[in-house]
């Protein structure tokens with residue numbers, strides 16, 4: 001049996017993960033990652049990151065009779081997640097901080113520390129499945145509960161990471177997880193879920209930008225698809241592709257943010273139909289098998305955490321980028337978001353959606 005470090009948020013998913021591993025005979029230790037100080041300017045704690053999360057995780061570990069620790073990752077979280085989040089918006093991109101947190105904190109810093117401390121594996125409460133094929137290679141699959149599936153956020157995991165990770169609840173539905181936790185008397189069985197970015201729990205990232213990067217909020221022109229100025233914006237980081245509200249353009253046909261042009265400090269707007277894209281480019285691709293399936297292949301592509309996966313052809317370009325050609329157009333494909341490639345329920349890999357002008 002393995003010596004497993006379980007990343008615990010205090011919620012029902014990671015709590016049950018720890019319980020299941022313990023019941024399977026593993027040696028289990030719980031850990032909560034401390035990501036910032038409560039009084040850090042501009043940042044508010046939410047369910048997944050507050051001091052109450054550590055207290056909840058500690059109670060679960062006490063009930064299970066396993067050790068519990070808190071690891072401090074404030075500096076890493078600031079550099080790799082919050083600074084990245086702000087930098088992306090100031091460059092006209094729509095960031096995905098959860099993907100970066102998984103990539104840099106949970107599945108790099110925590111895995112490295114676990115190895116140093118002598119743990120065989122790290123487990124989390126993510127809804128995804130790891131399957132070892134007949135060839136010995138590790139595969140990443142969607143969770144059984146497709147509504148809770150988090151494989152999109154885990155596409156950056158390769159063989160080195162998957163070989164040392166365990167996702168104990170990926171084979172269960174959320175309802176089953178709650179029932180199993182309640183049956184074991186876990187205090188987190190009925191704990192409310194957090195739906196927001198952990199450092200922006202009210203959902204309004206603009207307040208964070210106003211505090212952390214006020215110099216980036218430079219007013220500029222709003223232009224239509226013909227290049228005519230039809231209004232003024234309050235700073236590009238305050239807008240995202242697909243946004244309609246808050247443009248201040250008055251009546252008439254509804255207009256949406258179609259593109260963001262940092263070079264001209266311009267916000268480009270157009271009708272809803274202009275949001276549809278059938279082709280885009282992906283940069284910095286990574287692959288679960290550590291190599292792409294081919295230079296050109298067909299698959300399903302998902303461009304947002306809860307978007308419908310669409311059939312597409314993906315082809316490598318001479319500069320190393322990947323051209324994605326969708327079978328039918330997708331609405332609001334946002335530069336800066338992850339595009340994740342699937343073969344059925346299996347994750348192949350993914351990368352970051354580039355701006356149209358570099359496609």
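Yeah, the Cβs are placed from backbone N, Cα and C, and that goes for glycine too.
According to Swiss-Prot, the ATP binding site annotation covers 7, 8, 9, 10, 11, 12, 13, 14, 33, 125, on the basis of sequence analysis. Within the same chain, the residues at least 6 positions away from residue 33 (ATP binding site) whose Cβ sits under 8 Å from its Cβ are 7, 70, 71, 73, 77, 105, 106, 110, listed in sequence order.
Look at Swiss-Prot and you will find 101 tagged as active site, nucleophile, backed by sequence analysis. All protein chains considered, the CB of residue 101 (active site, nucleophile) has 25 other CB atoms within 10 Å.
The site 'Interaction with tRNA' annotation in Swiss-Prot covers 126 (among others) and is backed by sequence analysis. Spatially close to residue 126 (site 'Interaction with tRNA') yet at least six residues away along the chain are 13, 150, 153, 154, 167, 169, 170, judged by Cβ distances under 8 angstroms. According to DSSP, residue 126 (site 'Interaction with tRNA') sits in a coil region rather than a helix or strand.
There are 23 other Cβ atoms within 10 Å of the Cβ belonging to residue 198 (active site, cysteine persulfide intermediate). The active site, cysteine persulfide intermediate annotation in Swiss-Prot covers 198 and rests on sequence analysis.
Residues or ranges marked as site 'Interaction with tRNA' in Swiss-Prot (evidence: sequence analysis): 337 (among others). All protein chains included, residue 337 (site 'Interaction with tRNA') registers 23 other Cβ atoms within 10 Å of its own Cβ.
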Cα-nearest neighbour of residue 101 (active site, nucleophile) within the listed recorded positions, 9, 11, 198, 337: 198
Listed recorded positions 9, 11, 198, filtered to Cα within 10 Å of residue 337 (site 'Interaction with tRNA'): none
